[in-house]
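*Asks:* I grabbed these lines from TrEMBL:
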type     : residues  : note
TRANSMEM : 12-29     : transmembrane segment
DOMAIN   : 44-158    : domain 'P-type ATPase A'
TRANSMEM : 211-233   : transmembrane segment
TRANSMEM : 239-265   : transmembrane segment
REGION   : 377-403   : region 'Disordered'
TRANSMEM : 701-722   : transmembrane segment
DOMAIN   : 731-932   : domain 'Cation-transporting P-type ATPase C-terminal'
TRANSMEM : 738-755   : transmembrane segment
TRANSMEM : 785-805   : transmembrane segment
TRANSMEM : 825-845   : transmembrane segment
TRANSMEM : 877-897   : transmembrane segment
TRANSMEM : 909-926   : transmembrane segment
REGION   : 988-1012  : region 'Disordered'
COMPBIAS : 1002-1012 : compositional bias 'Polar residues'
Amino acid sequence: MSLSYGTQDWIEGGVITAVILLNIVIGFVQDYKAEKTMQSLLSLSAPVATIIRDGQLLKVPSQDIVVGDIVKIKVGDVVPADLRIFEGMNLECDEALLTGESLAVAKTPAMAFDDPAIPLGDRTNMCYSSSTVTKGRATGIVVGTGMRTEVGKIADMLNSKQGSDMVARTDDSSSTSSSRHYRRHWNKFKYTLKNSLGLIGTPLQVKLSKFAILLFALALLLAIIVFSASRWMVDNDVLIYGICVAVAVIPESLIAVLTITLSVATKAMAKGHVLVRKMQALEALGGVTDICSDKTGTLTQGKMITRRVWIPALGDDQTISVSGTTSPFSPQSGYLEIGGQRVDPTDVIKRNGVDTLAMFLNAVGLCNLAKIELKMPSSDTSDTDEKSRHHDSRRHSHTESTQKLEWAAYGEPTEISLQVFAMRFNSGREELQERGWKLIAEHPFDSVIKRMSVVYESPSGKRIVFTKGAVETLSNSLDASSYNSDEVLSRVNLMTQDGLRVLCVAYRLLPPYSDVDVSKRESVEDSLIFLGLAGLYDPPRLETRGAVLKSQRAGIRVHMLTGDHPGTARAIAYETGILSDTMPVASKSHAVMVAADFDAMSDAEVDALPGLPVVIARCAPSTKVRMVEALHRRKAFCVMTGDGVNDSPALKRADVGIAMGLNGSDVAKDASDMVLTDDDFASIVRAIEEGRRLFDNIQKFLVHLLISNISQVILLLCGLAFKDGNGVSVFPLSPLEILWANMITSSFLAMGLGMEEAQPDIMLRPPHDLKVGVFTWEVITDKMIYGTTMGILCLASFVIVIFGGNRGDLGTDCNHGYNETCEPVFHARAVSFAVLSFLLLLTAWEVKHFGRSLFNLDPLRHHGPFSVFPALYYNKFLFWAVVGGFLGTFPVIYIPVVNKDVFKHLGLSWEWGVVAGACVIYLLVVETWKAIKRRIGLWSGKSMLTPELLLEAEHGAAGDSASNMSTMSSTSSASGGGYVVTDESGPWAEAGNHSKEKTEVVNVQTRQVHKT
């Protein structure tokens, strides 16, 4: 740019300036948009708080709270700051985001502790910022806000850790203070230098940065070659020619195209509920080999469901199961089963043991503080109408108005699940109270004795005690004659093995006119009659199993790292497909581990395992970090997903950290590279698929850009041999023709290639090799063959016009402008420009797939002799970019002044035949090379996936294909489409013939997969 202005070539200087400004503006705008979008998520945690100031009850934004404010919290609130509770009623808080504890913590406002080192989880007179109130209400005084909260302290530690990771610490205790000082500055300088050169970042970012440095060195070498050819007599002509050769080797539009492609992919991901905080992380997803996921709220819904109820008095079929639930808060969701047969709630009531079943439902409905209600679709509905609709909904009305309502729940998850179960039989608390049940006394849940009791007066005037609690503690209060202890213990063990949290339900009929003091707990919780057991669990998301199986087919291992019970973790892992009975025997022994056992192993012992654990239960934050480090030692590229503050260190250490947007903490979001706006595990798999698509497309447009550069370098270097009358090398292409081809023609074509849709087999390949990156041997070979062919054809076209039509007349001083001796050179230059432009247009379509013929690009979707046309038109942006590039070539060649004075060429006549011939020869060369690859099975030329096999993969989660796909081996061509797939368990043709007739049913008790 400076040279152009220095030689008073204002046109070239202006064009180059515009290109630089365009790159700066595009980069700034896209980064600004991404960061602005992220800011919208930071208000998810406690946006509004209820406080008391000057005796007035106010609602203020949580960031406006100050130390000393009095804050009121209730069920469903997110605690806006660290509070010292001084008044409360049955208060319990979910502190899983901070401590990782899955169960809510009961608070004791009256307690005072003298030990300043008491653990956070034991400070029961405190409520911490970002925790959620699950039961009761309380009032407290603010003792910490912002970074002075416990959550803020973790965020501060993360920032400190990040800073320490940035600067390598090589200090030792024997070093002097001054040497440590200089060493720190030297390390900081090295980091800054590497960061400025782009050598710190994702694999693609580092690869492209190294490639850019290589191209820069090559550009200098080529400039030296040009200067050497002129015997270092460097005048303006030689200097400009050397710069032209150097410019030709550098893909000027690469950064702009890459930025725009990443931006488009980021917007597409946002529509798919994935917000990319760091744009470079998106392409890194294509190389993911392992996903380390939390369980609660990520693989599961984070909501409890009463899955199984065992009532001995029901007879032979003693167990009621709830299946098919899609909405944990809805009593209308799912269906009931007894003995494997689907039943209606009214039919269950008619069975024998009606009195015991009714008493069980009364117990779980009344010994419960949860509230289940329907939200109106709009706020302008009258109160009367709302009450009417709510009343009808409890009786399972299926009217159109009820179906539009949305179920909402308030309270502790365990009680919500029991309340929903009772409402399935029209036995919810509010319904029973409407029938005449009256509360006499309540004894709230006590975390020490692990039970809750209530005393109600029935409509007939009887006083009845209802109790629910843990089996191990409640059994001491049961009447031994009311149950068989061995049978109950056996049932408890079965439920626990299936990952269910088991509660015991009992009751007691108080004698009339008795002197039992219902206000004393020990008086009412005695001689209780056993009613049954309730098994609760946190169900997986509906889409989780399919997403896990899809990941496994793509060669990605899914690990569950959870703080939950090993039995629960194992059951969920089987149900979601993370664990299966077809796992290798060597891996089964350590597939499920407790964090204490894993942490007790040394790094050497962990590395000696045949495979890392698939499930780690009772996981601590340090365990997650250690798991990520173990994966790194095995050269794995891992994703860590999480929502809590305790997940943040692992999110930071992982190659790609993905946080939850709805239920995640701000600290986790800040530590992550991506945020899921719907907290859906399936969105992670879609993000990986998008990352793979992006990786393929980056390869495609990178090949296209480099083919253009290689051809120009060949043309210009060979052009050194063309000397005019003054002995000066003649430009086969003018500087602005080079910029036009690189920045206008190639840029839009490259952007179109960046918008290519994913290949059908994209999730049937193993992850690409991160060590190889985008520059695979196929990419290198293709760009050299195509680029050399294109350069030779451009050179041959120039030679044909000069020596075939004009007897070798190269004129005089034709590099600076037109004179009467320059007509042959200007015509030849126009031919070279047209050939280069048209071959770049053809290349854009040819590299849509590195293995398939241009005339058979999409055999799954388009067939027949004219299938090429719909296949090319499918990517409309690329199609119109090619059409625009074709039509735009003619004005550049023919418009007066523009052609002669700006681009330094003239219009063509008979020379168009040369251009047409060059296009035909180029197509023959490219198609022949692709045919050779297909013939010998080289790279993407290996046998393509058939339509039957692709359909089998799409239905792989249903039937034998799920296991078959998990054991298939793929050899990647790293080209974006051509992969050979072999089935190790049987002929794919036979599997494909029956795939549509097979279904899969997962038995949670046996964890077996039954095919029908």
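Using the three backbone atoms N, Cα and C, a Cβ is placed for every residue, glycine included.
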*Asks:* Using a Cβ-Cβ cut-off of under 8 Å, list the residues of the same chain that are 6+ residues beyond the ends of the transmembrane segment (909-926) and lie near it.
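*Replies:* The answer is 785-786, 789-790, 793-794, 796-797, 800-801, 805, 827, 830-831, 834-835, 838-839, 842-843, 846, 854.
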*Asks:* Pull the DSSP breakdown for the domain 'P-type ATPase A' (44-158) and write it out as helix, strand, coil residue counts.
*Replies:* 22 helix, 48 strand, 45 coil
*Asks:* Grab the pLDDT values for the domain 'P-type ATPase A' (44-158) and give me their mean, rounded.
*Replies:* 83
*Asks:* Mind pulling out the one from 211-233, 239-265, 738-755, 785-805 with the most Cβ pairs under 8 angstroms to the transmembrane segment (701-722)?
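*Replies:* Comparing 211-233, 239-265, 738-755, 785-805 against the transmembrane segment (701-722), the winner is 785-805.
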*Asks:* What stretch in 211-233, 785-805, 825-845 has the biggest tally of Cβ pairs under 8 Å against the transmembrane segment (738-755)?
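*Replies:* Ranked by Cβ pairs under 8 Å, first place goes to 825-845.
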*Asks:* Checking distant contacts: for the transmembrane segment (825-845), what same-chain residues at least six beyond its ends satisfy Cβ-Cβ under 8 A?
*Replies:* 704, 707-708, 711-712, 715, 724, 730-734, 737, 740-741, 745-746, 749, 752-753, 786, 790, 793-795, 797-798, 800-802, 805-806, 810-811, 814, 818, 854, 857, 872, 878, 881-882, 885-886, 889, 892-893, 899-900, 903-908, 911-912, 914-915, 918-919, 922-923, 926
*Asks:* May I ask for the residues of the chain that lie six or more residues beyond the transmembrane segment (211-233) and have a Cβ under 8 Å from a Cβ within it?
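*Replies:* Residues packing against the transmembrane segment (211-233) from afar: 197-198, 241-243, 245-247, 249-251, 254, 713, 717, 720, 729, 775.
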